[in-house]
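Data first, discussion second: the structure below is written as C-alpha cells.
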Amino acid sequence: QLHSDQDKGDGSLKYILSGDGAGTLFIIDEKTGDIHATRRIDREEKAFYTLRAQAINRRTLRPVEPESEFVIKIHDINDNEPTFPEEIYTASVPEMSVVGTSVVQVTATDADDPSYGNSARIIYSILQGQPYFSVEPETGIIRTALPNMNRENREQYQVVIQAKDMGGQMGGLSGTTTVNITLTDVNDNPPRFPQSTIHLRIPESSPVGTAIGSVKATDADTGKNAEVEYRIIDGDGTDMFDIVTQKDTQEGIITVRKPLDYETRRLYTLKVEAENTHVDPRFYYLGPFKDTTIVKISVEDVDEPPVFSRSSYLFEVHEDIELGTIIGTVMARDPDSASSPIRFSLDRHTDLDRIFNIHSGNGSIYTSKPLDREISQWHNLSVIAAEINNPKDTTRVPVYVRILDVNDNAPQFAVFYDTFVCENARAGQLIQTISAVDKDDPLGGQKFFFSLAAVNPNFTVQDNEDNTARILTRRNGFSRHEISTYLLPVVISDNDYPIQSSTGTLTIRVCACDSQGNMQSCSAEALLLPAGLSTGALVAILLCIIILLVIVVLFAALKRQRKKEPLILSKEDIRDNIVSYNDEGGGEEDTQAFDIGTLRNPAAIEDKKLRRDIIPETLFVPRRTPSAPDNTDVRDFINQRLKEHDTDPSAPPYDSLATYAYEGNDSIAESLSSLESGTTEGDQNYDYLREWGPRFNKLAEMYGGGESDKDTS
C-alpha cells in the first residue's frame, strides 16, 4: 500500500502506477494506494519488478510529492519438480569391480530458486537396483555396492534413480530416471583343457606340414579376453611337431615339422600350453591364466601294418539316429604282397563311454548309445587296423565324428522372473517381458513363439516376434485381499522340425504401487494401512482454494475500479439530455420571445459562461467582440459570430454544436409576424388572411375577430 502524507482522506489525491507490469500485472487503487496483482505470478518467468508510484492532485493533476520507485521481489515456492535431461541412461562398469566404483553420474535440475529455502535442494535415492548399486544422495553418482559381480552370472542390471527436492523431506516433489547398466567383460577366467591327455595318430609317411589333430581350451570370457595362444613347452617331440593357433576357432592345430620314421620312433609326447594373450594384472590372484595338456602322437609303420585309405576321417551324423546306425566306414589294406585280411577295432581310451562300435571285418562304425550334441559336439575316435595273421602290427587312424543338431530340446524361460502386478493396474498394462533359450542350434537361428496354455481372464501374452513376449493385464484393478498370487502357464514353442514346446509358469504377485507404477509393498500387512490423503495433497487442495478466493477478490476490485462517477449529474447536461419545448409561441402579441436587437447589440449578451459538465484545465478570459453597427446585415453578423466560435480556444471541446441560420432578406409571402411587432402600439388588420385561401382560414379566425379572438386564443 502506498500512502502520501498529503492524503487527507478526502479523495482529493489520486495514486498512479508505472513501470514493469503496471496496468497489466499490477494495478493500484487510485484512491487508497493499494497495489494488487491481477493474476498468478511465476518467479521462474521474472524474479522482480521495478515500479514507480506518484500521488497527484485529482483536480489539478499536479504531483503533490516526487515520484517514488520501489521493487517487488517475488518469493519462490516449491512448484517445480526435479527433472532429468534423459529418461533412460546407459552405462557400463567392468565386472569384478571393487565396492564403490563409480558407474555414472545422473544430474537433475529444479527450476525453483536455489537461494530461497530448500525448494531446489535435490537429494538422490535408488528405487530399484539394490543391493548391487548405490547412489550418493548429494551428487547423484551411482556406485557399485557388491564386490565381485560376475558377468558370467549376470550381465544386465536396471537401476531406477529418484531425485527429490526439499532436501528429500516429506512433501517434496520428485522425478525418476532409469539407468541400464551393463557389466563389461574382464579377463577373470583362465583357459581350461577339457581333457588332460589327448591321443593322436600319424602315419610315418605323412609329409611335412600334415595336420595331425587339434586341441582346444575353453574360456568363459568373451572377445579379446578369451583369446588363447597355443605352444609346445615340453616333450620329446618339440623338434618334430609344431602347433599353430587358429584365430577364428581358437584351436591349436598340431602339424608335422620333420619327416617321421616309424623304425626310429613310434610315439611322441607333447606338453601343450594354452595361455590368454591379454591378461589383466588386477586379477593375477585368480591365475595362472593358462593350462596344459598332454598330447600323445603315435607314428604308424607304413611298411608292415595296414594302411588306411585316408590319414583321418571326418563323419557327420545327426544326433537323433537310431542305435546301430552306421555313421561311416574306415578302410585299410595290407601293403605287403600277401595282402592279409584286416581286423578293425576302436581304441576305448578315445571312447570311454562306449558310444561307438566298429565292425571288425569291414570297418563300419555304428552307434551303440544315443548321441547328444548338447553334451558333446565332437568325438575324437581312434580306429585300429590290424592284420589277422599278425595282430601285433596295427595302424591307427583318427576318426572325427561331428554330431549335427536336431530339434530335440524344448525352449525354456531364459531366467527366473519375479513378476508383480499393481493393484491399480489397468487393462492392457505391461507387467513383464519374457524371453526364452534353447539348447539346440538350428541353422536359421532361434525362433520362439509364446502363447497361453489356456484362456486366462486376468492376463494375456503378446508375442513380440523377436523371441520375446509381453505379459499384459486383461482387466482393471487387482486386490491382494482377494488373491495375492496368480499362476500363469506360458507355452513356448520353437520353429524347427519337429516342433518342440514347453510350458513355463509365471508366478505373479499382486502388489501395492505408487502413481509411477513402482512397487511399494506386496505383503498382506500393507492392507491394514489407513487410506486417506497425504499431507502434501491436503496442502495442495488448500492452496488451490486460497488462489480461487484471491482471484475472485481481484476481479471484484477490478470491476469496482472500472466504474467511474460522471463529471456532472445535472439534467442540464446538453450532451446527455434532450429538452423538448412543445409551446406554440405567442405570435405578434409575444413581445418577450425574441428581439433581434439583441443580435445587433452584443454588449447586451451576458458574459461567457463556462461549461458545468467538465473541469477546465485553463481558464480563458472571454474575448469582447466589437459591436456591429445598427445597419449591419444580420447575415454578416451571424458569419462574424461563427468565425469567432471556430477560432475561440475556450469554446466547448466536444459534443456541442452552435448553429446559426438566416432565412434571407424577403419572402414573396411577406412576414406573418415581424420581429419588431412587439414595439408597435397600434392594432393591425388581418382581414387579408381570408383572401389567401383555405390554408390560412385558421389564422384569419385567430387574428381577425378582435376581443373574441383574444378570448379564443
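Backbone N, Cα and C atoms are what each Cβ position is placed from, and that goes for glycine too.
Noted in TrEMBL for the protein shown:
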{"type": "DOMAIN", "residues": "4-84", "note": "domain 'Cadherin'"}
{"type": "DOMAIN", "residues": "85-193", "note": "domain 'Cadherin'"}
{"type": "DOMAIN", "residues": "194-308", "note": "domain 'Cadherin'"}
{"type": "DOMAIN", "residues": "309-413", "note": "domain 'Cadherin'"}
{"type": "DOMAIN", "residues": "413-527", "note": "domain 'Cadherin'"}
{"type": "TRANSMEM", "residues": "527-558", "note": "transmembrane segment"}
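Per-class residue totals from DSSP over the domain 'Cadherin' (413-527), listed helix then strand then coil: 4 helix, 55 strand, 56 coil. Under DSSP, the residues of the domain 'Cadherin' (194-308) split into helix, strand and coil as follows: 10 helix, 56 strand, 49 coil. Averaged across the domain 'Cadherin' (194-308), the predicted model reaches a pLDDT of 88.
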